[in-house]
Amino acid sequence: MIYYIFLSILSIFGLYNIRNKFLSSIATISFFIFLCLTYLNGSDWINYEKIYSEYSLSNFLTFPFEKAFSFYFSLFKGIGVDFWIFFIITKIICLYIFIKILKKFLPNYFLGLSVFYIQMGLYLIIDCPLRNLIAIALAFLSIDSLIVKKSKFFILYCILAILFHNSAIILIFYFIFYFGVKVKKIKIVLWCLFFISFLFTNKNFILYLIHFFRFIPVLYFRILNYFYGPYSVESPLNIRLIEKYLITFSSLVYYKDIKEKYKFGEQMLILNLFFLLCYTMAMTWAIFVRLSLYFRIFNIIILVYLIESFHNRILKYLSKIVYITYLFVNLYFLLKITNIYIPYTNYLEYIGKEKLSYEYRLELKKKLFNKN
């Protein structure tokens, strides 16, 4: 029930575009407490907590994770910080970066936060693939620096992101893509890329592209393994893909309005197109789902830009209501098909009580979540 309550509050605020600073602060702080302080929910903490007990500043280089993450991990362990305090602090820092990006670019903060909550927040903050989470937060800082023309910071954050998770190398491809489409007739290029993206839903086309990596055998066979392995997707067409295409198509139709109305409108359109290319590839090759997360927040921003660009007030409100309804449907199925969110547990409930052992928490988690 608490998941629906939060979505209801955020949606109502988004529907009427609430800008009151006090209400905004209370809602945002509550959002932080709700997402970042979850305790037994999620799944990745199980592995990370076990590994945390084995880390130290003297041995972090021997662990098979990216070295920046290993150092960050062992630094907290080295100064005696409890795993859950470290875990919560990390989630708060990353969520702060996400919120900062949303507030900076959104004309309707709460509408964007509603979408972020369902499409990114629950997975990244509660389920929490920790290395990915940190790398994505750094990637957003990198892209933000590129947008405001601070190239030195873009490179710095980009390198840091890759050192936390090697999947962040997608930023280099975006960098090439960004300057490749920065031509006089950007709108035409974006339309062409939009139609080209349909090819990425075809497995044979993806396989054809993979063959270009044959000159690097190690990389080539690893990619093939992903392509034919459990990451392969048999049915690429689904409602979420249709939704992304509708948003991108509509944003290109309203290209001029978005570009003129919003300071960084054109950059967001480019970012959204790159997201679409990654997302369509993910529909045939599931490993790209995580890569698309590096750009998903910009799809959310474009969605809000699009809705707020409608001149007809009735159309604007109707669009919000339809999409909010869609978010509730998404939340219903998300809670139904996975057992990592219900029942909701919060770290604050256990403060002042006897500390639960790792083994006891694993058993408690099984009892709580397996009966749902």
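Backbone N, Cα and C define each Cβ position, glycine as well.
Remember, it's a predicted structure, so these values are computed and weren't measured experimentally.
Taken straight from TrEMBL:
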| type | residues | note |
| --- | --- | --- |
| TRANSMEM | 21-40 | transmembrane segment |
| TRANSMEM | 83-102 | transmembrane segment |
| TRANSMEM | 109-126 | transmembrane segment |
| TRANSMEM | 155-176 | transmembrane segment |
| TRANSMEM | 188-213 | transmembrane segment |
| TRANSMEM | 269-287 | transmembrane segment |
| TRANSMEM | 293-310 | transmembrane segment |
| TRANSMEM | 322-342 | transmembrane segment |
Requested in this report: Spell out yes or no: are there three or more C-beta pairs under 8 angstroms between the transmembrane segment (155-176) and the transmembrane segment (293-310), with each pair 6 or more apart in sequence?
Outcome: yes
Report task. For the transmembrane segment (293-310), find every same-chain residue at least 6 residues outside the stretch whose CB is under 8 Å from a CB in it, and list them. Result -> 98, 101-102, 105-108, 111-112, 115-116, 119-120, 124, 132, 135-136, 139-140, 143, 167-168, 170-171, 174, 244, 247-248, 250-251, 254, 257-258, 261-262, 265, 268-269, 271-272, 274-276, 278-279, 316, 319-320, 323
Query raised in the report: Do any residues of this chain, six or more beyond the ends of the transmembrane segment (322-342), have a C-beta under 8 angstroms from a C-beta of it, and if so which?
Result: 3-4, 7, 11, 14-15, 41-43, 114-115, 118-119, 122, 126-127, 243, 303, 307, 369-370, 372
